[in-house]
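Contents: one structure, followed by commentary.
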C-alpha cells in the first residue's frame, strides 16, 4: 500500500513504444507498399502460419456466420449493437442551419475507414461493434475490417458482428502489414482515409509510422482501470473488476484508491485469496504482481488528484455517493458510477465505445465516438454589409504583417 504522496512521487505510467520495433515495422510497411498482396500473403505465412489464397472474405460468409449463431449469442450481439447505435445517434453532431449565421460549420462522413480487429489468442466481436457501428452511424461510405488469419478460419462471432454493423469488406490480414495495406492500398485492398481499432505493439507502432499519410484514432497502450472505493463497496465485486482488467495483459494496470486503510487491507486479502483459483491465473498474477497499486488518500480531494494524475482509460467510482465525483474526476477515458455500472458493462453493452485513451492521454484526448468518423469545415458566406463592417480591420492586420497582396485582396472589394 502506498500513501498518496508516495504514489504521486513514483508514478510515471507513460509507456514508450519499443524503439527496436521501428526498423521492423518500417521494413514491413515498405515491403507492403512495393509488393502489395504478395507481401501480405507472405507475412500471413511467416507470422500467422496461415496460407491465404484469397485475402477478402465474401459477404455471404458474413451472413452465414450470422445465420449460424445460437439465439443467445445473436440476441447479445444485437442488443449491444442497438444500444451503441442509439447512443451514437444521440451524440452525433448536428448540422447548423446556414440561415442562422454567415459563418458556420459543415460535417461530412469520412469516405473510407479501416478497422483493426485483433485476433490470435482471443477474438473480439465487441471491437467490431464498438467501432463499425460508429462508422455506420456517421455514414461512412466504405467500412473495411482487417483481422489476423486463422487456420480454423476467422472467428464466426467476429464475422457476424461485421454483418450486423454493415461492414463492406473483411480481409484476412493482421499486424503491421494490415496497417500498411490500409494506408497504401494493394491490388485487393483499397487505401482508406482513417484507421481505428486496438492492437499489439506492432500495430500501434505501424499506426504511429503511417500517421500523416492516413488518420488514426490513437496509439493504444495496455489497458488500465482506477477505482475509488469506500466501506460501502462490495469488495468481492471490486476484486473481479481488478481481475477483469488484469486478465487482458500482463502489462495491464490496476489502481484502487480509498480514504479507508482497513478497506484497502481487506481488498488485498480478498484479491490474494481469489488469485489461487481465478481463471487466466498466469496473466492476472503477473499483472497484479507488477502493475497493481493500493493507494491511501487523506480525503476526497486527494483521491481525485490521484485519479486525474493517472488519467486512466477506465475510472470507476464505487462509494456511497458516486455522483459527487462527476465534476471532480475530469481526465479519464470513461467514468463508471456505482455498483451497477462496472467497467465490463462498458466493454460490451452500455453504449459509448470501449476504444478509449490510455497512458495518461485522457488528459488531452477522448474516447472514440461517431464524430471521429466525420470531417468538419467552416463555411464563410458574408453579406456586403458584414464585409464592409470588418474589411478595414482585416486590411490593417494584413498591412502590419506585410502581406500586401492580402491587403489588396480586401481593398479592391471595398
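Note: Cβ is positioned from N, Cα and C throughout, glycine not excepted.
Sequence annotations record features per position, and here Swiss-Prot assigns active site, proton acceptor to 313, 314 based on sequence analysis. Taken from Swiss-Prot, the feature NAD(+) binding site applies to 116, 177, 200. The substrate binding site annotation in Swiss-Prot covers 223, 245, 248, 314, 347, 401, 406. Among the features that Swiss-Prot reports, Zn(2+) binding site is placed at 245, 248, 347, 406, with the record citing sequence analysis.
Here the features listed in Swiss-Prot are placed on the structure.
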{"residue": "116", "record": "NAD(+) binding site", "DSSP (3 states)": "strand"}
{"residue": "177", "record": "NAD(+) binding site", "DSSP (3 states)": "helix"}
{"residue": "200", "record": "NAD(+) binding site", "DSSP (3 states)": "coil"}
{"residue": "223", "record": "substrate binding site", "DSSP (3 states)": "coil"}
{"residue": "248", "record": "substrate binding site", "DSSP (3 states)": "coil"}
{"residue": "313", "record": "active site, proton acceptor", "DSSP (3 states)": "coil"}
{"residue": "347", "record": "substrate binding site", "DSSP (3 states)": "helix"}
{"residue": "401", "record": "substrate binding site", "DSSP (3 states)": "coil"}
{"residue": "406", "record": "substrate binding site", "DSSP (3 states)": "helix"}
Among the recorded positions listed here (313, 347, 401), identify the one with the smallest other-Cβ count within 10 Å. 401
Inter-residue Cα distance where the pair is residue 200 (NAD(+) binding site) and residue 314 (active site, proton acceptor), in Å: 19
Spatial separation of residue 223 (substrate binding site) from residue 313 (active site, proton acceptor) - C-alpha basis, Å: 7
CA pair residue 401 (substrate binding site) / residue 116 (NAD(+) binding site), Å rounded to integer, equals 46
If you measure between the CA atoms of residue 406 (substrate binding site) and residue 200 (NAD(+) binding site) and round to the nearest Å, you get 49
Counting all other Cβ atoms within 10 Å across every protein chain shown, which of the recorded positions 248, 314, 406 scores highest? 314
Hey, which of the binding-site residues 177, 200 is the loneliest by Cβ count within 10 Å? 200
What's the CA-CA gap between residue 248 (substrate binding site) and residue 177 (NAD(+) binding site) in angstrom, rounded? 23
Within 10 angstroms of the C-beta of residue 245 (substrate binding site), the count of other C-beta atoms across all shown chains comes to 29
Protein Cβ atoms within 10 Å of residue 116 (NAD(+) binding site), excluding its own: 28
Just how spread out is the substrate site if you go by the largest Cα to Cα distance in Å among 223, 245, 248, 314, 347, 401, 406? 56
Nearest-integer angstrom distance between the alpha carbons (Cα) of residue 116 (NAD(+) binding site) and residue 347 (substrate binding site): 17
Can you grab the distance from residue 245 (substrate binding site) over to residue 200 (NAD(+) binding site)? Cα atoms, rounded to a whole Å. 16
Cβ within 8 angstroms of the Cβ centroid of 116, 177, 200: which residues besides those meet this for the NAD(+) site? 118, 146, 148, 174, 175, 176, 178, 179, 199, 202, 203, 206
What's the CA to CA span in angstrom from residue 177 (NAD(+) binding site) over to residue 223 (substrate binding site)? 23
